[in-house]
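> So that we are looking at the same thing, I have put the structure below in structure tokens.
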Amino acid sequence: MSEALKGVRILDMTHVQSGPTCTQLLAWFGADVIKVERPGVGDITRGQLRDLPDADSLYFTMLNSNKRSVTLNTKTEKGKEILTRLIEECDVMVENFAPGALDRMGFTWERIQEINPKIVYASIKGFGPGAYEDCKVYENVAQCTGGSASTTGFDDGPPVVTGAQIGDSGTGLHLALGIVTALYHRTHSGKGQRVECAMQDGVLNLCRVKLRDQQRLAHGPLKEYPQYPNGEFGEATPRAGNASGGGQPGWAVQTKGGGPNDYIYVIIQPPGWAPLMKTIGREELIEDPEWATPEVRLPKLDQCFAMIEEWTKTKSKFEVMETLNALNVPCGPILSMKELAEDQSLRATGTVVEVPHPTRGSYLTVGNPIKLSASPAKVDRSPLLGEHTDEILGAVLGMSAADIEAAKAEGAV
Ligand code: COA
């Protein structure tokens with residue numbers, strides 16, 4: 001068993017969520033991730049949404065596992081000198097500052113390449129080149145400008161943002177792929193390169209099927225959407241409620257209990273029709289020409305799911321799951337965060353892990369969702385602010401104890 005990215009050293013100048021998600025993934029794969037933070041302040045999320053006074057927030061701890069923290073004021077002369085040395089010693093540099101911030105520090109891409117021609121320099125910005133390139137961007141801005149919000153929610157309601165952090169964590173994932181690809185390229189070219197991901201692009205990539213539907217719309221109504229056949233289709237891909245994005249109709253139907261998450265998502269595939277109708281007590285519809293084929297069902301999907309719901313309302317979501325899975329009818333209970341936190345199989349696979357922490361006690365986090373057979377990820381706690389400053393300046397940069405003390409006295413670290 002070995003760490004897949006062992007030996008790769010990452011200069012992590014990321015903050016908030018998008019960049020830290022990326023570098024956390026690389027750290028789980030074994031890269032040595034050195035997180036650079038402003039002295040005395042650190043990543044702003046350390047203090048955001050705090051649940052405990054004087055302890056790093058869950059926002060921070062859940063996005064910065066397995067990293068080392070060094071404090072550095074990159075706006076001092078000594079700080080710039082140390083940053084230059086770090087660029088020399090690292091294989092990858094990652095940042096998600098506001099547009100132009102790194103240039104203002106004096107570290108343009110040209111300068112970074114001069115310092116270390118083999119470095120992979122990766123960055124996240126809200127937008128790519130164009131009208132909005134100078135804008136600061138957060139999660140929901142990306143969801144709204146990347147096509148997710150206009151296609152999420154119900155037809156008669158406003159646009160809705162999703163709970164999944166597709167703008168931040170989604171773009172972090174895209175960037176991580178760009179980085180390992182550039183590292184692979186470096187193994188035979190010997191050269192580093194620049195990797196850029198715009199959050200708008202990342203969200204649009206995840207909304208690919210909605211751009212598919214935009215083009216289909218020119219050729220007639222989208223028959224799997226709840227607007228068909230009675231509602232209006234405008235000029236753009238509409239919000240589809242809970243309709244399936246694929247070719248198989250699906251909907252979230254209510255189950256016994258009446259709670260906010262007592263629902264199950266049921267998909268009707270052609271082979272599932274007969275067993276499903278038999279189970280819900282509507283055997284007469286199995287061969288009925290008005291109901292028997294996907295084509296004739298399309299205009300009355302609402303009635304199909306209403307019939308199914310009559311039955312699901314008599315069972316818990318887990319009972320429905322058990323019954324329908326045995327019949328090969330794809331379905332998924334709507335699981336709450338409480339249920340996911342308590343799920344024993346997610347604990348067993350390391351997807352949900354409990355991590356000890358010196359100042360806040362144990363906390364729950366999502367471990368590495370990507371499983372490598374020869375390189376299993378171990379999740380370690382996030383670092384305290386500047387916890388590894390001396391160790392990094394000494395062991396990585398070769399600074400003497402006196403040099404380190406001088407840098408501290410100058411306020412550079
Ligand atoms: N030492 C000295 N100064 C530092 C520093 C350090 N170690 N780290 C950061 N700074 C400075 C920056 O240089 C910048 O200074 P400047 O404005 O004088 O150039 C300042 O801190 C603020 O950094 P910035 O990135 O602009 O933070 P912000 O809080 O103003 O904006 C975001 C936050 C997220 C909106 C912005 O960084 C952004 O748009 N990032 C790209 C998109 C993104 O990733 N968004 C999602 C975040 S989850």
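Each residue's number is its place along the chain shown, starting with 1.
Every residue gets a Cβ built from N, Cα and C, even glycine.
Sharing the feature lines straight out of TrEMBL:
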type     : residues                                    : note
ACT_SITE : Asp168                                      : active site, nucleophile
BINDING  : 17-18, Arg38, 72-75, 96-98, Arg104, 136-139 : CoA binding site
BINDING  : Gly246, Gly247, Gln248                      : substrate binding site
> If you count other CB atoms within 10 A of each CB, which of Gln17, Asn73 wins among these binding-site residues?
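When each Cβ's neighbours within 10 Å are tallied, Gln17 tops the list.
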> Once Gly246, Gly247, Gln248 are set aside, which residues in the chain still have Cβ within 8 Å of the Cβ centroid of the substrate site?
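Counting only non-site residues, the set is Glu224, Ser244, Gly245, Pro249, Gly250, Ile267, Gln269.
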> Relative to the Cβ position of Val137 (CoA binding site), how many further Cβ atoms are located within 10 Å?
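Its Cβ shell of radius 10 Å holds 23 other Cβ atoms.
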> Would you kindly give the Cα-Cα distance separating Arg38 (CoA binding site) and Gly247 (substrate binding site), rounded to the nearest Å?
50
> Tell me the coarse DSSP state (helix, strand, coil) of Glu139 (CoA binding site).
helix
> Would you mind checking how many other C-beta atoms are within 10 angstroms of the C-beta on Gly247 (substrate binding site)?
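The answer is 8.
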> Please report how many Å separate the Cα atom of Glu139 (CoA binding site) from that of Asp168 (active site, nucleophile), as a whole number.
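So the Cα of Asp168 (active site, nucleophile) lies 5 Å away from that of Glu139 (CoA binding site).
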> Taking a cut-off of under 6 Å between Cβ and any atom of ligand 1, tell me which of the recorded positions Asn73, Phe97, Asp168, Gln248 pass.
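Going through Asn73, Phe97, Asp168, Gln248 in sequence order, those close to ligand 1 turn out to be Asn73, Phe97, Asp168.
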